[in-house]
Amino acid sequence: MTDTPILGTVKEPQRDYRTLDRQKLTPMFQHYTEVKEQYQGALLLYRVGDFFECFFQDAVIIARELELILTSKEGGKEIGRVAMTGVPHHALDRYARQLVEKGYAVAICDQVEDAAEAQAEKRMVERQVTKLLTPGTLTDDSMLPAKRNNFLAAIAMVEDKWGLAHADISTGEFFTCQSSNLDDLAVELLRLQPSEVLIPTSAPDIRNILRPGEPSEHIPKQLPTSFCYSLRSQAPFSLVEAKQRLLTTFRVKSLEGMGCEGLPLAIRAAGGLLEYIEDTQKAHVVPIQPLKTYGLTDFLVLDHQTRRNLEINQTVRDGSFHGSLLWALDRTSTTMGSRALRRWLLQPLLDLKGIQARQDTIQELYHHPALRQDLRQLLRQIYDLERLTGRIGANTASARDVYGLASSLVRLTDLAELAQEGHSPYLKALQTVPPELEELGKYVLAHIVENPPLHIREGNLIRSGVNPTLDEMRQSLEDDNQWLANLEVTEREKTGIANLKVGYNKAFGYYLSLPRSKSEQAPDNYIRKQTLVNEERYITPELKERETRILTAQADLNQLEYEIFTEVRATVAEKAQPIRDVAKAVAAIDVLAGLAEVAVYQGYCRPIMQMEPGLIDIEAGRHPVVEQSLGAGFFVANDTQLGHDHWHPDLVILTGPNASGKSCYLRQVGLIQLMAQTGSFIPAKTATLSICDRIFTRVGAVDDLATGQSTFMVEMNETANILNHATAKSLVLLDEIGRGTATFDGLAIAWSVAEYLAGEIQARTIFATHYHELNELASLLENVANFQVTVKELPEEIIFLHQVTPGGADKSYGIEAGRLAGLPSSVITRARQVMAQIEKHSKIAVGLRKGNRGKVMASQAAAEAAEDQAKQLDIFGF
């Protein structure tokens, strides 16, 4: 605050209310700043008439982010102009969604009374914050991604131990877990892709949301920077407060039934998350489902690099859905099913019975096309039960929401009847839809009109015959409206004025309009209210009485309809849990029917799954995404056999030319294993697969500029992660290990990594490389074999056959690839000369073949290093 304040101007409006004497602001701005003080971490949108306006620094931010015009408004005689921007009230959801997507919290301060009443009493209209929108607490369909969960996460940490809770408040799902090692926490966060992550801290600026990439000393450096982090007070995350909140919320005396009684960090994270939901949802009570506890090793572990490299839900190139595994497999009919499929693919099963239950259902639907098609047709008529139930439970659902849910509930009976034909586990689960849900649906449909309006306080919601008082009020109102409709005719007859009209506006209500030239003919009971250029407007005592009656009756009618509707909505909310239970069964059968559809049209087979470890035996396997992109018949299928205990190699050295399909083959094997453990059929002729605990991939690398790591360092970090976590039950897919450094360094590392995987870990491994020297490993280790991707050499070109066959390749055809890419002919010629000299001088293959495998790399590397400088001079002609 300054002694001589500088007035804000149109060009330089006030942007920081904290520097001003707030007593000199207008009453509206005083209230605005009071509200803003309570929501400092949010952008405040403040209802003024038909607009939501924002002021000061919020206006600057919103104008920039939404590309709106920054203008100004008078803030007081001694304040001057204040920075302002605004959005129309009918476009609020669209603009608020854009702000939330950019990582901002948005507080909606709306009018909570009729502005006309406040104006009549000559006071400021009452306003309150009715919504606080943050990235992780959205419930409105218009702001949510339909086909994926919108998770809110919370973390509690002590040194390297951590608890992680996550919830989707739009569906009510609520989970928690506890583990150690912050790298594993990062992996789990990257799987969940939460929209917002809560971090307890003692920082003074709590309640602020840190947007993606925004640095903070309060965020552990091991955690991904791609999320919004909200700094929260430590208090709700204390064990005592968090546990009590969970016990109170779920009305239990112990957390044993939820599986987290002995997991203090999991409890703290879950309790802190619940407190945040309560804080942001204001008067709306979000119906969260009972907490479920899980472990990181309860499912097949896929780290972030594996999910990325296998392109499970988005492509590596541009992050798009098209071209991902999810794109290739998603034939679901409901948004619930689409979300479930996404979760299944990111958390494949380890439980053989669970996998086989899904396979059994797919197989039954595969062999019964009529049942499959009838199910899919009926599923298309079912709305998003999970999210509709969430909004109904939170008392934010519209009449359309409630009607949509009810229409879906009555269709569940048809779904159950169809499921009676089935014998597999997931079809049986649908045969037992609770009959009270059908009755609930019929009850709602008997109360709410078929196409209700969006707004629930404007009437026309409730059917006739539901409430006698409502019917009487409607009839009375209809009679009065009919009197108004007849008034124009009767008054024309009485006065003889043919162009007399009945009109209405907000300022004067109903009136009788006469041309000014006929005003002398106005009857004595006409009371003049307004004179215009070409007309005179009148009222009569009877018209005024009818008007008062009509307006009062309409308001009373709307209020009664609203009360009846809220009773109906509350009745539905009481059945939230059984509805959600059925919704899970519906989503699951939707996923399985869709997977059966894919299996039929893409020619998939049911893999034989076994708990006995160590076997991958795939006949004529195909890449599920690439084959759909190429079209039927164009993809070249290949076999894969791994598992030394089953007379196959544990590790395959895969060589072949650039662009021949090695990386595609690696991904193909990984995706087939993942799909099989999801319970899906797979793109192959036949397959027998052991259940694996983890899939690791290292396919390609780029510099990590954010952390200052080179391509080679990124590659080494990823490789170290694999070697430190892989087990004999894992599947490891490696592509081009060691290529980011000097040739001999890279070869030495590639050799030792392959040797370690085959000898120490004995994981099922495919090791794609251009280091043909690695083919020598097969002569040294009995569980290693060489395979190659073949080509056909012609005089002027090479043809990629994309066939994986036994034996090692002795050429990479890199120079040919360069020629095909258009390198100058002189460069190609010189490259061939250099290659000839390299092949002439390099003796590493001979050394590897003759030496002891435990010592050969050290001696050979030393010898090569000693000759390196001389060789380089010879090679390049110096």
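If you go along the chain as it appears here, the first residue is 1 and each next one adds 1.
Just so you know, glycine gets a Cβ as well, placed from its N, Cα and C.
These features come from Swiss-Prot:
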type: BINDING; residues: GLY656, PRO657, ASN658, ALA659, SER660, GLY661, LYS662, SER663; note: ATP binding site
Which number gives the other C-beta atoms within 10 angstroms of the C-beta of SER663 (ATP binding site), all protein chains shown included?
18
Please report the number of other Cβ atoms within 10 Å of the Cβ of LYS662 (ATP binding site).
26
Other than GLY656, PRO657, ASN658, ALA659, SER660, GLY661, LYS662, SER663, which residues of the same chain sit close to ATP? List them in sequence order, counting a residue when its Cβ is within 8 Å of the Cβ centroid of the site.
VAL789, PHE800
Under 8 Å Cβ-Cβ from PRO657 (ATP binding site), six or more apart in the same chain: what's there?
VAL789, VAL791, ILE798, PHE800, ALA809, LYS811, SER812, TYR813, GLY814, GLU816, ALA817
For ALA659 (ATP binding site), nearby residues of its own chain (Cβ under 8 Å, 6 or more apart in sequence)
PHE800, ALA817
Sparsest Cβ surroundings (other CB atoms within 10 Å) among the binding-site residues ASN658, SER660
ASN658
Counting every protein chain shown, other Cβ atoms within 10 Å of the Cβ of GLY656 (ATP binding site) number 28
